[in-house]
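Participant: Per TrEMBL, the features are:
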- Glu280: active site, proton donor (ACT_SITE)
- Asn167, His190, Glu231: Mn(2+) binding site (BINDING)
- Asn167, Trp168, Ser169, Ile170, Ala171, Arg172, Gln189, His190, Glu231: prenylated FMN binding site (BINDING)
- 13-102: domain '3-octaprenyl-4-hydroxybenzoate carboxy-lyase-like N-terminal' (DOMAIN)
- 116-316: domain '3-octaprenyl-4-hydroxybenzoate carboxy-lyase-like Rift-related' (DOMAIN)
Amino acid sequence: MALAHMEFRAFVQALKDDGDIVEINEECDPNLEVSAIIRKVVESDERAPLFNKLKGQNENGLWRILGAPNSLRSDPRHRYGRLARHLNLPPTSSMKEILDKMVSAKTTPPIPPKIVETGPCKEFRLTSDQFDLNQLPSPTLHQADGGKYVQTYGMFIVRSPDGKWTNWSIARAMVHDKNHLVGLVMPPQHISVIHRMWKELGQDMPYALAFGVPPAAIMASSMPLPDGLTEAEYIGSMVNSPLELVKCETNELFVPSTSEIVFEGTCSVTETAREGPFGEMHGYVFKGDSHFMPVYTVNMITHRKDPIMPVCACGRLTDETHTMIGPLAAAEIGYILKSNGLPIKEAFSPFESQVTWVALQVDTDKLRAMKTNAEAFCRQVGDLIFQGSPDPPFIGYFSSVMTSTCMTSRRSFGHSPLAVAPSWTSIATKMFPGSLSFRT
């Protein structure tokens, strides 16, 4: 029997068993209607919606949509139940237990993946003349979005030209035309680092984009792990079991064998197109804010029967961009600070800051023994986090180097009073870092 953290289809069943899914069997339009329902769900902590009938589905069910796959639940006893199910933890787990699980693999040997001959993701194969991305039910998530954002909760798989580093990551992408996507490839993200390697060779970058991957994999792919670390091995260590991977049909990459849907192709190192605007995780969309980004050619789609496409409709609190990006980056920050001998007990990114802040729980006795002051300590914290790099690994996660730190020996982080959410969110998303001026 498949385990929920190792197969997305089993994860969906686990949520059903938890009473945490509502199935919608009436036809819904992926053009804003689906997103409107998802946004209602995430802003009220309701059950995850599973859309079984979408306008534009093909005869093999390509595809259904699961919204809010990793958002919060209203029941305080199961507040983080969906995150916990991603990691084979009880739905009653605390955020601390979830983050501890995520960093547990740092102190254990990596477990390489297991290569298998085939898997459920190979049930159906569509060549480039058999599909039109414009006709498939790719969702338009926000009214001002620049296109249909098919990729919000899938996993890009790319490999360095020398084959030594395979990176799994989440980066958004929108439909460009019948057989092409355009998506974010921005430094310092690892997908950009590897794309630059291929560009230096003058060769397009092979890629796979897998949707509905093992939930443990999507969690790790959103974590800012060090350069050169292969996520598949890290995940194996984290769950104490090798992931099963299967080779792509059109390139030499390997994808989780139980993936719901897989796009295969190449990412151009020369051709770009406009990407965006897109409703951001901070709750804003800046109309006209688009950028030229690389074009992805989709040469083949493989998928399971009646596949499920997980979708994140990001915006105001609380969706996957808040429950995953901020806390997982904060967990990595906490690990770095502890490893360098700082008296940090816990690190967390409060949801109410739209995950632009990091709050640190500090051992004040040890802090006093350091004979430092708040400014010097914060400077030390910032220097360790950003490491003096021109492309610091956390610059895409948090608004600025911390100039003040919440220090306490008693409070445990993971659940802040929602009563302060509006004011915190306003300060976090409208104040210019390092000043007292606000964006209006």
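Even glycines carry a Cβ here, placed using N, Cα and C.
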Participant: Kindly assign Asn167 (Mn(2+) binding site) to one of the three DSSP-derived states: helix, strand or coil.
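Facilitator: It is in a strand.
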Participant: Looking at the recorded positions Ser169, Ala171, Glu280, whose Cα is closest in space to that of His190 (Mn(2+) binding site)?
Facilitator: Ser169
Participant: Over the span of the domain '3-octaprenyl-4-hydroxybenzoate carboxy-lyase-like Rift-related' (116-316), how high is the average pLDDT in this prediction?
Facilitator: 97
Participant: Work out, from DSSP, the number of helix, strand and coil residues along the domain '3-octaprenyl-4-hydroxybenzoate carboxy-lyase-like N-terminal' (13-102).
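Facilitator: Per-class counts: 34 helix, 15 strand, 41 coil.
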Participant: How big is the Cα-to-Cα gap, in Å, between Gln189 (prenylated FMN binding site) and Glu231 (Mn(2+) binding site)?
Facilitator: 14
Participant: Cα-Cα separation of Asn167 (Mn(2+) binding site) and Glu280 (active site, proton donor), in Å?
Facilitator: 24
Participant: Note down the number of other Cβ atoms within 10 Å of the Cβ of the residue listed as 'active site, proton donor', including every protein chain shown.
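Facilitator: Summing over all protein chains shown, the residue listed as 'active site, proton donor' has 18 other Cβ atoms within 10 Å.
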Participant: Could you round the CA separation between the residue listed as 'active site, proton donor' and Glu231 (Mn(2+) binding site) to a whole angstrom and send it over?
Facilitator: 26
Participant: I'm trying to understand the geometry here, so how far is the Cα atom of Ala171 (prenylated FMN binding site) from the Cα atom of Glu231 (Mn(2+) binding site), in Å to the nearest whole number?
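Facilitator: Taking the Cα atoms only, Ala171 (prenylated FMN binding site) lies 15 Å from Glu231 (Mn(2+) binding site).
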Participant: Other than its own, how many Cβ atoms are within 10 Å of the Cβ belonging to Ser169 (prenylated FMN binding site)?
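Facilitator: Looking across every protein chain shown, the total is 20.
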Participant: For the binding-site residues Asn167, Gln189, which one has the sparsest Cβ surroundings, going by other Cβ atoms within 10 Å?
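Facilitator: Result for the binding-site residues Asn167, Gln189: minimum number of other Cβ atoms within 10 Å at Gln189.
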